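See below for the structure under consideration.
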Amino acid sequence: MDVALLRALSEAPGVSGREEAVRAVLRAYLEGHADEVATDPLGNLLVRKGRGPVRVLLDAHIDEVGFLVSGFTEDGLLRFKTVGGIDDRVVPGRAVWIGPNRVPGVIGLKAIHLTGGERDKAVPVRDLFIDIGARSRDEAESVVDYGDPVVWATEFEEWGGAVVKGKALDDRAGCALLAEAVRDWSGGSRVTLLASFSAQEEIGLRGARVAAERLKPHVALALEATSCADVPGVPPEESVTRFGQGPALSWLDGTNIVPERLRAHLEALASRAGIPLQHRRLATAGTDAGAIHLTGAGVPTAVMALPARYIHSAASLVHKSDYDHALALVRLFLDSLERGEFKP
């Protein structure tokens with residue numbers, strides 16, 4: 001794991017549709033390590049390396065769930081809207097950064113002693129506000145604008161050498177993984193490596209569809225972060241993945257059924273290399289694979305996800321060993337395509 005890269009990606013603000021800072025980190029990292037790097041009109045960062053006849057697309061989404069400023073009160077508080085899927089229970093009391101200047105704020109709500117029978121219920125976002133310490137509407141509007149993006153104010157940390165903590169590890173961990181794979185791949189005569197750091201996944205898989213239509217891959221692999229739920233109170237059979245037990249392959253989710261031949265190929269590569277692998281169970285949400293596989297005449301598309309605890313909240317956790325094993329499998333996949341072991 002390139003910890004410095006993941007730190008920069010995690011701490012960069014990148015609410016859906018406002019991913020500029022994330023693209024900048026990736027551009028700087030990939031400079032001089034690809035044949036072509038471009039940003040399309042939707043905000044996808046598209047990369048090409050090599051000119052072989054087999055076009056393989058690796059995808060990871062650059063956006064994160066968050067909020068947008070939607071209004072101001074006369075006493076200087078901010079109203080806001082949610083972007084992407086966020087559980088109301090994890091929102092109140094959280095520190096946030098607002099806008100391009102990272103104005104600090106705290107998401108507030110009525111004091112507990114004033115809420116009466118509401119105290120045992122999740123407070124809906126429409127009843128919350130952001131406090132930036134302003135005393136009037138004019139003061140608030142002097143530093144924050146309508147539509148400014150709002151992200152969790154979470155510092156990236158390493159815990160004990162084995163675990164990293166940060167915001168937006170769904171899917172900045174996938175972005176780091178993809179960037180490392182692109183930068184390290186030495187190329188060959190058979191494969192054209194295409195990478196899409198896709199925008200606006202959290203609001204409908206939008207960027208990946210546009211990217212895949214443009215890049216026209218023959219086969220694709222989406223790199224994601226997915227929930228674990230291997231915590232007290234959750235039966236083992238209801239845990240989507242287990243933390244630290246290897247990357248997870250999907251066979252089915254809310255938007256894509258992975259072709260059996262492609263999934264079996266990835267499993268065989270992992271088995272031969274001794275890479276631990278698990279299956280992503282009970283996955284009902286979609287991934288960029290759901291958009292990619294429907295483009296052109298149809299694209300066989302697999303999903304490999306990093307187990308992550310507490311995704312779509314202020315801080316999530318990823319195990320370094322899961323990341324390193326996933327990166328190793330991506331490299332093996334590219335090598336197998338170069339050798340002609342899998343023909344799309």
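Yeah, the Cβs are placed from backbone N, Cα and C, and that goes for glycine too.
As recorded in TrEMBL, the features of this protein are as follows:
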type     : residues               : note
BINDING  : HIS61, ASP170, GLU224  : Zn(2+) 1 binding site
BINDING  : ASP170, GLU202, HIS312 : Zn(2+) 2 binding site
ACT_SITE : GLU201                 : active site, proton acceptor
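Listed in sequence order, the binding-site residues from HIS61, GLU224, HIS312 having a Cα within 10 Å of the Cα of the residue listed as 'active site, proton acceptor' are HIS61. The Cβ of HIS312 has fewer other Cβ atoms within 10 Å than any other of the binding-site residues HIS61, HIS312. For the recorded positions GLU201, GLU202, the ranking by surrounding Cβ atoms (within 10 Å, all protein chains) places GLU201 first.
Taking the centroid of the Cβ atoms of HIS61, ASP170, GLU224 as the Zn(2+) 1 site, the other same-chain residues with Cβ within 8 Å of it are ALA60, ASP171, GLY174, GLU201, LEU223, ALA225, THR226, THR287, ASP288, ALA305. Between HIS312 (Zn(2+) 2 binding site) and HIS61 (Zn(2+) 1 binding site), the C-alpha separation comes to 14 Å.
Within 10 Å of the C-beta atom of GLU224 (Zn(2+) 1 binding site) sit 29 other C-beta atoms, taking all shown protein chains into account. In sequence order, GLU64, VAL65, GLY84, GLY85, ALA168, ASP171, ILE311 are the same-chain residues whose CB sits within 8 A of the CB centroid of ASP170, GLU202, HIS312, the residues recorded for Zn(2+) 2 being left out. Cβ neighbours of ASP170 (Zn(2+) 1 binding site) (same chain, under 8 Å, six or more residues apart in sequence): GLU64, GLU224, ALA225, THR226, ALA308, ILE311, HIS312, SER316. Recorded residues HIS61 (Zn(2+) 1 binding site) and GLU202 (Zn(2+) 2 binding site) have their alpha carbons 8 Å apart, per Cα-Cα distance.
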